[in-house]
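Q: Submitted below is the structure of interest, expressed as structure tokens.
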Amino acid sequence: MGFNATGNIAHASTSAAQENVLEWVKKDKRRMLHVVYRVGDLDRTIKFYTECLGMKLLRRRDIPEERYTNAFLGYGPEDSHFVIELTYNYGVDKYDIGAGFGHFGIAVEDVTKTVDLIKAKGGKVTREPGPVKGGSTVIAFIEDPDGYKFELLERGPTPEPLCQVMLRVGDLDRSINFYEKAFGMELLRKRDNPEYKYTIAMMGYGPEDKNAVLELTYNYGVSEYDKGNGYAQIAIGTDDVYKTAEAIKLSGGKITREPGPLPGINTKITACLDPDGWKSVFVDNIDFLKELD
């Protein structure tokens with residue numbers, strides 16, 4: 001009898017601790033920091049993004065001992081904007097983007113004007129400007145020199161022009177549940193398109209017109225995707241990488257790097273995979289700001 005009571009108390013306190021961690025996630029100060037992917041020619045990509053998409057080169061760092069170079073590009077400083085982190089691995093000029101990665105979204109005030117500029121610079125337009133299927137928002141699709149797709153969305157002035165990362169998933173409800181619980185994201189909206197046999201869910205840390213969001217797409221009947229080796233991950237800021245890792249484990253995510261400081265730079269991170277195998281990295285908020293100084 002005494003043993004059972006002790007067991008029940010231990011179980012109750014464990015459950016309470018787990019619940020506390022998942023409650024903490026909702027209050028944690030989280031923000032999408034950057035999206036990381038690999039390109040075959042860094043200078044060519046920087047030229048395209050700055051000249052055609054109006055981004056700024058924010059910083060560049062070469063790590064010769066690891067044989068790679070990073071370039072950070074975006075529409076404003078990294079401490080307040082979602083940005084792109086490009087990775088160039090020495091000697092690798094081509095990547096397989098795969099079928100799982102969808103596109104990046106950029107909000108522009110005039111899609112037609114932006115497309116004309118991209119064409120004038122030799123960029124590839126894969127969908128001419130026009131209203132989205134079943135809606136009124138004017139969009140266009142373009143491809144960068146490596147074949148990554150960008151959706152241009154016509155919107156008024158926004159503090160976050162780099163506004164979307166679209167990934168395809170095999171079970172939308174499972175993904176929504178995971179990103180809400182483990183990542184503390186909100187389901188901003190969900191839209192089913194039975195005519196075109198797909199459903200999308202917008203997940204994020206604030207309204208779409210002011211924040212970068214994750215667009216998850218479920219194509220009817222497709223449960224698995226080839227992810228290729230081009231797209232890498234999204235980085236998200238957190239106040240506590242240790243609690244974050246705990247919440248991810250409790251929510252069925254897989255930790256691929258246990259929480260702790262990175263060798264050499266001491267920034268605390270943890271990395272994980274979602275139920276579809278998409279990778280995310282959580283970075284300590286204070287350490288991240290120190291890194292930018």
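Glycine residues also receive a Cβ, built from the backbone N, Cα and C atoms like all the rest.
Pasting the relevant annotations from TrEMBL:
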type	residues	note
DOMAIN	31-155	domain 'VOC'
BINDING	Glu85, His103, Glu151	Zn(2+) binding site
ACT_SITE	Glu151	active site, proton donor/acceptor
DOMAIN	161-285	domain 'VOC'
Q: Provide the number of Cβ atoms within 10 Å of the Cβ of Glu85 (Zn(2+) binding site), excluding the reference atom itself.
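A: Glu85 (Zn(2+) binding site): 22 neighbouring Cβ atoms within 10 Å.
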Q: Counting only residues 6+ away in sequence within the same chain, which have a CB under 8 Å from the CB of His103 (Zn(2+) binding site)?
A: Phe141, Tyr148, Lys149, Phe150, Glu151, Gln164, Met166
